[in-house]
């Protein structure tokens, strides 16, 4: 074919990149499919391509007409509004440079691990053009290479600190993923002998069967005995951390910067002093692993104070279901063939306490505290990871924001298990700032999903109020309904929350209530 239309262009998109098609309406703020502002929910460090599709891009000839000036001004303002959040913005309103603009945006997303936005005028995609008839050039990324002298200096400075430390520790953060440094982090953990913890949003990135794994470090709501070991250490390596109000439990972490080695994806900061740029995390961790001296003192201290976790109290026959009983049964569902999606809210804390078998996936988002994100995330994860059965733990308030994504789950034939935890309100918000706005209209959730199902596709629903009903529902979901989307509504008391949420909510509430600094 001499000429090919734009929509036939085959972009060399990496499996690690996400693509969102956004048919936006003219003059509205950019919103992702889950209803959130694009500038709020695009991940900070992830190659994400938001593509404004045929329905959304304004026609080329209308861009300059006076009678649509207000619309066009709104569109341009919209681009300006999200520009600061993006690494590249491509507005395709002619075919002459469309090829170059699209390839540049995609390349930028993959190279920088940052979001880009491509808007294509709605009257262009089906028009043939010679540039889109060529075979695509194979895409390759040059590997990022650390500055060798900077790398050596960073390792030397780090070893100087660690050689003086008696009980150092390691903590993994969420940026390990974008730095592609998971294996390097595990290698260093093995050679150092240090206790290994993860920040809450890094759960699932580090194997929990590592010999010296001690759990989640989250300040006052950490895994038992984890915070005591981390905060009493005389040196700590933080690989890819994000310290914000949520991950620091209201900025209440008892850490000292002069004891910390902060390893970012592209730089290393040693003891709140020298910063070594152009040093990539993977290279640094591998180089440090070759020279570090083994020190198991902190882990031996952990072993001395550790007391195994208890079990929740047994339920009486037909006793109203408790959340800790629910998660006891969810724990038994986990294997290397499953993945857990933890919604914003009390599921943050309950899912953190799950012990992940080797190979079990886990996704947890707390950078923005965006409620409802997990419904769309469950849809996307299940569609991509066809070798795993997704188990999603979602609160009723969050589900009301993005419930419509269940329709696509059914249409795509997914076999996810969704536990809809119905406690009648925004429980996490109650603990941060209570008020009548945290009480929501109750829905017939199973009835809603049945209506969406409409006898088309495979979907099964159940409503449970006690442990006996929960056991039956799980047995059905893992047995005769294994190939169905299984939606299990779990009725629990409105005040049935984890102790971690109570503690965390109090600290975040206190941080939010601080008086402003004098200007």
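Cβ coordinates are placed from backbone N, Cα and C, and glycine is handled just like the others.
Using DSSP to sort the residues of the domain 'Thiamine pyrophosphate enzyme central' (156-268) gives these counts of helix, strand and coil: 39 helix, 22 strand, 52 coil. Marked as domain 'Thiamine pyrophosphate enzyme central' by TrEMBL: 156-268.
The domain 'Thiamine pyrophosphate enzyme TPP-binding' feature in TrEMBL is assigned to 365-490. DSSP assignment over the domain 'Thiamine pyrophosphate enzyme TPP-binding' (365-490) gives 56 helix, 28 strand, 42 coil.
What TrEMBL lists as Mg(2+) binding site is 396, 423, 425. Within 10 Å of the C-beta of residue 425 (Mg(2+) binding site) there are 18 other C-beta atoms, taking all protein chains into account.
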List the residues of the same chain that sit at least 6 positions away from residue 423 (Mg(2+) binding site) in sequence and have their Cβ under 8 Å from its Cβ, in sequence order, or write 'none'. 395, 396, 492, 493, 494, 496
Pop the mean pLDDT for the domain 'Thiamine pyrophosphate enzyme central' (156-268) in here, whole number is fine. 97
Would you list the other residues of this chain near Mg(2+) - those whose C-beta lies within 8 angstroms of the C-beta centroid of 396, 423, 425 - in sequence order? 395, 397, 421, 422, 424, 426, 427, 440, 494
